[in-house]
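The structure under discussion appears below in the form of structure tokens.
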């Protein structure tokens, strides 16, 4: 951190003429910074003993005869400032003609009781912001720390201690980053409580032992550590900690405060930034008057927050390789949007991450705001550009432009697994109820056809060729079911109804089968060729009605009240951050739903591992706007250009660039599973199972029928003996149509039963002249 650059604006503004205890080296730096031709006159004096400096102060006072005496105190420690200020009051140099600029970084911690009534003005710097979230957290722990373990615990935290803490954090972050990339990187470098260089010798000499010795080699890991330090970026106790490629701290703020007749306690009057210098605050509003319009040449500070894909840091290796700094280290919707506004309006800007990492919320007890809202109120930023929601509470303290993006709260859940086809997937075109009703219709039609055929005379036929012909019913129960089966399979049957009632039943059944088969065929192709994802919930109502899927993150809508009540009764389901909620969705196996802005869901759905998706429509509608300080004229200019960018579809194209065009997932979630060129065996396996089962049943039934008929219905006879008896009878009597008495009395007969014989007369249209013997048939 360059200490003297912050003093130059005061030299040019107040024409400081006297210096006390200013280091010659730093004095030379100030001389080189000032313009060559300047009317600033310098008188400097070194304080030999800061604890006994009365005479030096009186001498300094006598050396200057001007009416306004402006003095810079550049001392080495906080105690030195305390001692010199006390002696200044004792020698009477605390009157209205004196102005003091103190180079301490703990100005607000000094005691100014002797300076508030004499009219003297004192100005100084503070590197610690009491409202810094990290600082507050550390102070709470520091106050509760044990004084036995930590000397000075519970006392006031000064800038030196805060800088030391941040320095340790830098070292910790550096080594953690190096070890995360290469865990064994330091193996062999630390042995036996010594540091080894190139694994050969202990110790790292920094200077030559002898004048003729070569320059000592640097540590083998030194350059890697330095490069990693330059990549460190975090919010510390002293603000934003990051470094330039040259190794200087960058993008920090010194708070400028003043004490005097009008400010009896240290009051902020401005800010100092290493890039932009000093910026004063308006005395009434405590806001930068310079940043209220775009006509000046000042660099506008845009506060923002890291949020994918709105604002993201580029890859550290790319930053280091390309030596990127400032706005160039960021990418996303916000940097592109800011560049569009800058090009159209014509202003320079600097993107600045919000110090505490918050968007902006009011503390209900202290009524103080944090996050980007606080920076707009305090004047540390000219505008806020991020996924910054326009709300009523924020509108009370800051101004918003028209929304540049419309979003809403929606539901994110884990993408369900692809439903694999089952064995009986061919039945999926109809649900279970339809199959039940089809079977009922099949049975009803078959029984109905049997009944109408039973009572209709047109369905009865005589059996020809018998002496006593009997009526035969063609549509028996079995034949009726066979007729219905044939029609259902689009195959038909041998029998058709003859009666009007039977034909009516057949007609309506054929029409029914036509529609059912057509509908089944139309749906079967889709069900067999598409592997569907079955979502556990499809609407917000589904989410509210179930209890298996947990969700978290008032409304007058009953369904939303139900959801809010569930979340309040299950606080463990609430996510502290957006990243935590998304991670819980991905690791919950579909048992956790996260309520978050739709733009975040859409982005997460488009990046790997492509395992989340958005449920139904948004629960509400809200907008993101560009925020500015209250009553700032920047709002009107920004508002017009936001509307212009919206109307010419530039913002739509910009949104598509970061949400759609860079998607890492296919439209179906990363895999082309919605369509296939051919069916697999698993799609139609059930049909083969039914075919095999049918064949097995038919074979078993045929075998059983053969065995049963042979054993129980067709007794075993000596067929050879029966044929011999018939032949003997035929030889005795050659007449057609009669049996001889000899054949009856002397013919061979079965030993175990009677055999009746009769003459079979063939039909007259068949010639039987060639047959001389009558045909005999045995009826057992």
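First residue shown is number 1, and so on along the chain.
Cβ coordinates are placed from backbone N, Cα and C, and glycine is handled just like the others.
Bear in mind that TrEMBL entries carry predicted annotations, made automatically and left uncurated.
Here TrEMBL flags 298-661 as domain 'Ionotropic glutamate receptor C-terminal'. Sequence annotations record features per position, and here TrEMBL assigns domain 'Ionotropic glutamate receptor L-glutamate and glycine-binding' to 309-378. The L-glutamate binding site annotation in TrEMBL covers 389, 394, 597. If you look up TrEMBL, you'll see 434-455, 504-528, 686-709 marked as transmembrane segment. Per TrEMBL, the feature site 'Crucial to convey clamshell closure to channel opening' maps to 537. The disulfide bond annotation in TrEMBL covers 610-665.
On a Cα basis, residue 665 (disulfide bond) lies 20 Å away from residue 597 (L-glutamate binding site). The local packing around residue 665 (disulfide bond), expressed as other Cβ atoms within 10 Å of its Cβ over all shown chains, amounts to 18.
Cα separation, residue 394 (L-glutamate binding site) to residue 610 (disulfide bond), rounded: 35 Å.
Neighbour counts of Cβ atoms within 10 Å were taken for the binding-site residues 389, 394; the minimum is at 389. Largest CA to CA distance in the L-glutamate binding set (389, 394, 597): 18 Å, whole number. Other residues of the same chain near the L-glutamate site, with their Cβ within 8 Å of the Cβ centroid of 389, 394, 597, are 359, 387, 388, 390, 391, 622, 624. Taking the recorded positions 597, 610 in turn, the residue surrounded by the fewest other Cβ atoms inside 10 Å of its Cβ turns out to be 610.
The two recorded residues, residue 389 (L-glutamate binding site) and residue 610 (disulfide bond), have Cα atoms 27 Å apart.
The DSSP secondary structure for residue 665 (disulfide bond) is coil. Mapped onto DSSP helix, strand and coil, the domain 'Ionotropic glutamate receptor L-glutamate and glycine-binding' (309-378) counts 33 helix, 12 strand, 25 coil.
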